[in-house]
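Structure, as structure tokens:
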Amino acid sequence: MSAFRFWSGLLMLLGFLCPRSSPCGISTHIEIGHRALEFLHLQDGSINYKELLLRHQDAYQAGSVFPDSFYPSICERGQFHDVSESTHWTPFLNASVHYIRKNYPLPWDEDTEKLVAFLFGITSHMVADVNWHSLGIEQGFLRTMAAIDFHNSYPEAHPAGDFGGDVLSQFEFKFNYLSRHWYVPAEDLLGIYRELYGRIVITKKAIVDCSYLQFLEMYAEMLAISKLYPTYSVKSPFLVEQFQEYFLGGLEDMAFWSTNIYHLTSYMLKNGTSNCNLPENPLFITCGGQQNNTHGSKVQKNGFHKNVTAALTKNIGKHINYTKRGVFFSVDSWTMDSLSFMYKSLERSIREMFIGSSQPLTHVSSPAASYYLSFPYTRLGWAMTSADLNQDGYGDLVVGAPGYSHPGRIHVGRVYLIYGNDLGLPRIDLDLDKEAHGILEGFQPSGRFGSAVAVLDFNVDGVPDLAVGAPSVGSEKLTYTGAVYVYFGSKQGQLSSSPNVTISCQDTYCNLGWTLLAADVNGDSEPDLVIGSPFAPGGGKQKGIVAAFYSGSSYSSREKLNVEAANWMVKGEEDFAWLGYSLHGVNVNNRTLLLAGSPTWKDTSSQGHLFRTRDEKQSPGRVYGYFPPICQSWFTISGDKAMGKLGTSLSSGHVMVNGTRTQVLLVGAPTQDVVSKVSFLTMTLHQGGSTRMYELTPDSQPSLLSTFSGNRRFSRFGGVLHLSDLDNDGLDEIIVAAPLRITDATAGLMGEEDGRVYVFNGKQITVGDVTGKCKSWVTPCPEEKAQYVLISPEAGSRFGSSVITVRSKEKNQVIIAAGRSSLGARLSGVLHIYRLGQD
């Protein structure tokens, strides 16, 4: 009971330490610094900066959070708020470089190495904050989060994002790399501030005490903050879904910009700042003749805390040790054994209560094989497609890993080719870097090559070609224009080693190549290349575009195209509508029906200008159906639930509905709330997720036949959809993923995400609420209705983040991506291979 009281007290304490308007972000900044260091390659003369930072993690981690230390009112009654503000901007970095060069010439002693490591942590914080808060730039993380989830209210999105980012970090990541000691170079900081201000502006006591408060806050976050996941998941689906991957201010992007500022800082430490352009905003610093014409503007961060820490200080004690130039903070352990034991015991009890000690026969928990990578953060399986690439009559697998990095080359991305045979894909575990049949690699810094893939005969020479999306090309220039590369195939079954066709976009933030599709758009029976760019301006902000290039024999082996010259194009209706987030093509009466999802679309047509913001439903979502080359949509399907995001996923096929073979379209609304009943009690499952099934006919708009729903809060049931005939009966099975599903019903208070994928037999589909007609006393019941339930072999792996099937001689194999798996390396991703049914 005492442990429970302490946990409750910690949650209350964090509410005081990080109230509304607080900067916070301690866990987030430490995670960014950790990722930036992973692939840093920075040797300057005799100094290997990666080794230096690894040696002095105590200083590096403390520095990555230090700029926010004087914001809280609990810190000396807030009188040094402006000192924190100044620590976020270029003049502080300039003063630090001058101070180090003047006082500590090479070779550096250990204290100076720690000072440099601390400074590198500060610079990571600087550039991360610019992108996260949209300081002097547009469409950074929090600005977009405000537009999507908070009726465009940045003041509401700001505290939810700052503190919510820490909640999400602690819920999703393991901080086993966290140093038990932090070092703050207090004496040197006094000197740097004197250099910056020309006078004494802060005391050593304030530096030590306020930094120590951050150390305490980190301790509190490690113990309890993850238990607030349900609260912040409800506040912002965007935060949960885009926290790592969002192109401008997501974790991956902030880590990329951290490595950039590290190179600039090392240059200045060696050469001084005379050959550098030093605008106020650190994101736009250039050195050595580089040019950057966009300097942005300085925008104040701001933030306040309330005054409560006594309970926490009493519990962990004050472990502070002074040295000649600095101070060490230490903790015996970042977790309390009693709390850890309590969490695990409760998790086991709840798990047994809800799922029992044995699994139903329909549950499949072990894949036939797993394909992995040995490098972290690769996002293996982010995009997948299947086709007979080598023309041997068997299905092959194409899989993207857009987060793939080398030392010094972060997020260049890769695409892997795995060939099948008469038995299907290899049914042994594979390290794809060593055993894939083919590898293509991106060549642009942080271009995220492999974010989308499609196979088609683009040059109409009779052999398949491969199109690859790299939507973050241009990131180093802050343009994020993106690119699509087409690699021609050959009659020998090999792909070109370099792209034959490059398609570019001129618009800033175009993110060209976010989604790709092969579909016959012009009616010549040859698949064409369809490109979705949901973040593209489209004449506004993130309206999104869908563009098609017709296949033809006129393309040369070194073709340069621009998306503005596409053969067919449509644009989103509203700002932040994200048209093209999902794409799907289906043949209806010998015509291609092209479907485009716009999951963050909202209906503003019936509201006057003055009342649009607060009265509109956020992100009900919409799907557009086109019969190209006509650009006017033939039909639209609109969501009716706020935050439902209808159109996030799309798929089609043929199933038996009440005994009649029917062509159907499935549309996912993975963040739609679901009504659940437990006996006579009714509750709302926030973001449980729903999937609609429509009948497709040649002469009329799609008509709703059935719905499927998830049975856990936040599970995002329907986030990924796929239809494929798994048993050769001429009917497609319906495959529905719930990648964020949590086994227990507390939705994050106990346990982790474990993800599930449901396979519904195509012969047994009924009209109406399929998962609501249950034998048990709990509804919905997707597990009761599914023929198979694939269980994640690893907690927290986002099992079901992508799904595809590959045809072998006898039956299809099901490939499930777990994009956050750490099977091969931390958060690298994995592919699980399943062969369902009796062999």
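Any Cβ shown, glycine's included, is placed from N, Cα and C.
If you look up Swiss-Prot, you'll see Asn94 (among others) marked as N-linked glycosylation site, on the strength of sequence analysis. DSSP gives Asn94 (N-linked glycosylation site) a helix state.
Neighbour list (Asn271 (N-linked glycosylation site), Cβ cut-off 8 Å, at least 6 residues apart, same chain): Cys287. What Swiss-Prot records for Asn271 (among others) is N-linked glycosylation site.
Swiss-Prot lists Asn292 (among others) with the feature N-linked glycosylation site, giving sequence analysis as the kind of evidence.
Residues or ranges marked as N-linked glycosylation site by Swiss-Prot: Asn307 (among others).
The N-linked glycosylation site annotation in Swiss-Prot covers Asn321 (among others) and is backed by sequence analysis. With a 10 A radius on its CB, Asn321 (N-linked glycosylation site) counts 11 other CB atoms from all the protein chains. Annotation note: Asn321 (N-linked glycosylation site) sits in a strand segment as assigned by DSSP.
The secondary structure of Asn500 (N-linked glycosylation site), as reduced to three states from DSSP, is coil rather than helix or strand. Among the features that Swiss-Prot reports, N-linked glycosylation site is placed at Asn500 (among others).
A coil conformation is recorded for Asn590 (N-linked glycosylation site) in the three-state DSSP classification, outside any helix or strand. Sequence-distant neighbours of Asn590 (N-linked glycosylation site) (same chain, six or more apart, CB under 8 Å from its CB) are absent. As annotated by Swiss-Prot, N-linked glycosylation site applies to Asn590 (among others), with the evidence given as sequence analysis.
For Asn658 (N-linked glycosylation site), applying a Cβ distance below 8 Å and a minimum sequence separation of six or more within one chain yields Ile765, Thr766, Val767. The N-linked glycosylation site feature in Swiss-Prot is assigned to Asn658 (among others); the stated evidence is sequence analysis.
According to Swiss-Prot, the feature repeat 'FG-GAP 3' maps to 498-558, an assignment based on sequence analysis.
The repeat 'FG-GAP 4' feature in Swiss-Prot is assigned to 562-622; the stated evidence is sequence analysis.
Under DSSP, residues within the repeat 'FG-GAP 6' (703-769) fall into helix, strand and coil as 0 helix, 28 strand, 39 coil. Feature annotation from Swiss-Prot assigns repeat 'FG-GAP 6' to 703-769; the stated evidence is sequence analysis.
Marked as signal peptide by Swiss-Prot on the basis of experimental evidence: 1-23.
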Segment confidence, the repeat 'FG-GAP 6' (703-769), expressed as mean pLDDT: 91
Cβ neighbours within the same chain of Asn94 (N-linked glycosylation site) - under 8 Å, at least six residues apart: Met268, Thr273, Leu278
Rounded distance in angstrom between the Cα atoms of Asn500 (N-linked glycosylation site) and Asn321 (N-linked glycosylation site): 61
